[in-house]
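S.K.: OK, TrEMBL features for this one:
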type	residues	note
ACT_SITE	B:Asp52	active site, nucleophile
BINDING	B:Tyr110	substrate binding site
DOMAIN	B:7-104	domain 'Pseudouridine synthase I TruA alpha/beta'
DOMAIN	B:143-244	domain 'Pseudouridine synthase I TruA alpha/beta'
2 protein chains.
Amino acid sequence: MRNIKLIIEYDGTNYCGWQKQKNGISIEEMIEKSIEKILKEKVELIGSSRTDAKVHAKGQVANFFTNTRVPAEKICNALNSVLPEDIKIIHSEEVSKEFHSRYDSKGKKYSYLIVNREVPLALYRNYAAHVKYDLNLGNMQEACKYFLGEHDFSAFRSTGSSVKTSVRNIMLLELIKRDEFITVNIEANGFLYNMVRIIVGTLIDVGRGKIKPNEIKDIIQSKDRKRAGATAPPQGLYLEKVYY
Amino acid sequence: MRNIKLIIEYDGTNYCGWQKQKNGISIEEMIEKSIEKILKEKVELIGSSRTDAKVHAKGQVANFFTNTRVPAEKICNALNSVLPEDIKIIHSEEVSKEFHSRYDSKGKKYSYLIVNREVPLALYRNYAAHVKYDLNLGNMQEACKYFLGEHDFSAFRSTGSSVKTSVRNIMLLELIKRDEFITVNIEANGFLYNMVRIIVGTLIDVGRGKIKPNEIKDIIQSKDRKRAGATAPPQGLYLEKVYY
């Protein structure tokens with residue numbers, strides 16, 4: 001058996017998310033079906049991150065085991081020829097049998113796009129969150145500092161996943177503003193369920209003046225989900241990169 | 001009668017273009033129908049630019065005459081509440097009866113987004129042109145200089161429009177590269193039919209080495225459409241701003 005690693009880009013707009021579900025079409029099953037079509041073999045895809053419905057990826061990673069003799073580098077183009085237009089494989093390679101895209105991940109990078117203006121979005125409606133309130137970027141940037149480092153992020157996760165620990169280490173959290181676009185870049189050794197979207201929702205509350213920057217410290221310590229902001233909408237979120 | 005000016009953003013993906021056509025739904029008719037719904041009055045919308053199918057706009061301008069007493073500034077929100085999600089009005093105001101969005105335009109700014117990489121696009125497939133060939137950005141930038149200024153751009157227009165003169169003045173033509181994204185910004189006192197897309201197609205040929213930068217001068221002088229590059233695809237094109 002050979003172990004094949006894929007790097008995947010997708011537009012999550014029309015999917016129920018990465019993971020297979022009863023009520024919708026998942027990205028995972030679209031890729032599995034395409035692999036079956038190309039390699040004439042049923043495989044089980046292991047994804048690094050279970051992105052939610054409408055969430056996008058530029059660098060999702062997945063792996064699968066196969067008996068095929070097709071060269072690993074050629075699997076990329078072959079899959080792209082049968083995949084739907086909103087899912088494309090960026091890269092394919094053979095890796096050691098021990099490689100597991102989820103368990104071996106050492107960290108991940110996400111970005112989140114906000115469009116800050118009064119008028120609703122036409123062009124970016126599926127690719128950004130719309131915030132119509134005036135946002136104080138300086139306050140949001142100050143708040144970012146309090147998230148950095150190793151903390152128990154229980155206040156910043158949704159129920160619905162079972163993980164051993166809710167301690168995570170955020171290495172990067174920055175905001176970049178260009179005209180009406182605010183990009184949030186965040187990197188950590190791992191993320192709890194909905195953690196990025198709740199952090200972004202909380203930063204938006206800081207920007208609106210509902211939360212003071214230095215309150216973030218207390219909110220983290222409280223481990224109380226109700227004290228953090230709302231979960232920001234999925235369509236602004238991009239899985240950028242998975243580190244191994 | 002009052003004359004109302006609108007600034008409009010739209011995602012052109014699902015439309016046959018700005019202008020009404022038999023075989024498809026146009027942006028113009030969607031807005032006209034929405035105005036009728038809101039103001040209970042049939043109006044004729046005058047658009048500044050007849051953008052093609054799949055072309056986007058961040059700052060299309062249109063005007064219409066109405067007897068309504070609804071304050072002009074409130075028309076924006078009212079229209080947005082009934083318009084489809086891929087068309088939004090950014091701004092509405094009352095202007096002098098003489099204002100004509102097309103005839104009074106003093107210039108326009110377009111941008112064009114290219115994604116330059118081997119793998120086909122999933123995320124940006126409807127919002128950028130995909131170029132898989134290696135592009136020499138330096139050569140493309142050198143070529144830009146030859147387009148600047150007043151020229152007869154007959155070599156850079158498609159047949160299908162009847163205008164008095166094909167002389168136009170290009171004030172700005174620049175390329176900005178960020179990772180795999182190349183943005184072309186272009187500003188002129190006016191554009192011939194498909195002019196931006198043919199200029200971009202020609203710049204791509206320069207980037208690929210099919211046309212030398214200093215050949216642009218000859219191509220312009222030849223007034224021969226066949227000597228310029230292919231018309232770049234519509235989905236990379238954005239009408240950014242109309243100047244009055």
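Even glycines carry a Cβ here, placed using N, Cα and C.
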S.K.: Along the domain 'Pseudouridine synthase I TruA alpha/beta' (B:7-104), what average pLDDT does this model show?
M.R.: 97
S.K.: Given the recorded positions B:Asp52, B:Tyr110, which one has the fewest other C-beta atoms within 10 angstroms of its C-beta?
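M.R.: Ranked by other Cβ atoms within 10 Å, the recorded positions B:Asp52, B:Tyr110 bottom out at B:Asp52.
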S.K.: Rounded to an integer, what is the Cα-Cα distance in Å between B:Asp52 (active site, nucleophile) and B:Tyr110 (substrate binding site)?
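M.R.: B:Asp52 (active site, nucleophile) to B:Tyr110 (substrate binding site), Cα-Cα distance: 13 Å.
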S.K.: Reduce the DSSP letter at B:Asp52 (active site, nucleophile) to three states and note it down.
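M.R.: It is in a strand.
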S.K.: Report the DSSP secondary-structure composition of the domain 'Pseudouridine synthase I TruA alpha/beta' (B:143-244) as helix, strand and coil residue counts.
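M.R.: DSSP composition of the domain 'Pseudouridine synthase I TruA alpha/beta' (B:143-244): 36 helix, 31 strand, 35 coil.
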